[in-house]
Amino acid sequence: MNRLAVEIPGLSLKNPIMPASGCFGFGQEYSKYYDLNELGAIMAKAVTPEPRLGNPTPRVAETASGMLNAIGLQNPGLEHVLAHELPFLEQFETPIIANVAGATEDDYVQVCSRIGESKAVKAIELNISCPNVKHGGIAFGTDPEVAHRLTKAVKSVASVPVYVKLSPNVADIISIAQAIEAAGADGLTMINTLLGMRIDLKTRKPVIANGTGGLSGPAIKPVAIRMIHQVRAVSNIPIIGMGGVQTVDDVLEFLIAGADAVAVGTMNFTDPFICPKLITELPKRMDELGISSLQELKKELLNQ
């Protein structure tokens, strides 16, 4: 019996560790470093209906304990991804989670209705941190009613389970999570980046051309842990946790907080081998701490 295995809707994971969307492309670059079959899953780069060039540069900047990015969902568009990117991933047994983004509800529905055409795609990750252009640019994920409606629309057309990625830039994460669960979401992924800014002292302007960017890396881990714990306290919905994972102890901390699996983002840029390293280290650390299975961890904090 594989004590690292995790079963959640649409995903039979050999282990709970995977690269987060936006930090792994579509896997081709990383496949030169190690066998992608080692991974629990792969969260692929965001896909929109049409190609996107992304935001002007500079769009990445280092910060203390993390980084800022404002990539702007640069991607080659749905047709290219279906024809060229996902076929590459079909050679691996590792389940693919397709990240989907858009500017309107119709954008999401269009991509989600077709992305499951690839036999590699076992689930969808719905990126609801995108600005809703029909409602003044407010992110889909900051309003429970809007998030509910979008999730329901996508569920009506998707051929694979739908996981919704929660934004931390909200006053009440629980109301957002409950609205999404009520709409039929199969799971949650959390958290996305926190909105941040850096100033260049010489130019007196933001370092990021876009002005603000998403803060990721170790700086946001305590926020991610807190929000996962909050949601787990009120729901049994499957959760893939992310936000600042660097070490195997971070992985265990996310699992104890209530996550079923864990995604690694920014650290892939620092160490391309981070995911296989964590997979190797996890059972050893479990032995050291007297942990027999991952399942015993998920509600340990709640039961105290």
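For all residues, glycine too, the Cβ spot is worked out from N, Cα and C.
Note: Lys45 (substrate binding site) has non-local neighbours Ser21, Gly22, Phe24, Gly25, Phe26, Asn75, Asn99, i.e. same-chain residues 6+ apart with C-beta under 8 A of its own C-beta. The FMN binding site annotation in Swiss-Prot covers Ser21, Lys45, Ala46, Asn99, Asn127, Lys165, Ile191, Gly217, Gly243, Gly244, Gly265, Thr266.
The substrate binding site annotation in Swiss-Prot covers Lys45, Asn69, Ala70, Ile71, Gly72, Leu73, Asn127, Asn192, Thr193, and the record cites similarity to another entry as its basis. Under DSSP, Gly72 (substrate binding site) is assigned to coil, being neither helix nor strand in the three-state scheme. Of all the Cβ atoms in the protein chains shown, 15 others lie within 10 Å of the Cβ of Gly72 (substrate binding site).
Less than 8 angstroms from the CB of Cys130 (active site, nucleophile) sit Leu73, Ala101, Gly102, Ala103, Ala139, Phe140, each of them six or more residues away in the same chain. What Swiss-Prot lists as active site, nucleophile is Cys130.
Of the listed binding-site residues, namely Gly243, Gly265, the sparsest CB environment within 10 A is found at Gly265. Within 8 A of the CB centroid of the substrate site residues Lys45, Asn69, Ala70, Ile71, Gly72, Leu73, Asn127, Asn192, Thr193, the other residues of that chain are Gly22, Ala46, Ser129, Gly214.
Ile191 (FMN binding site) sits 16 Å from Ala70 (substrate binding site), taking the Cα positions as reference. Ranking the binding-site residues Ala46, Ile191 by other CB atoms within 10 A of the CB puts Ala46 at the bottom.
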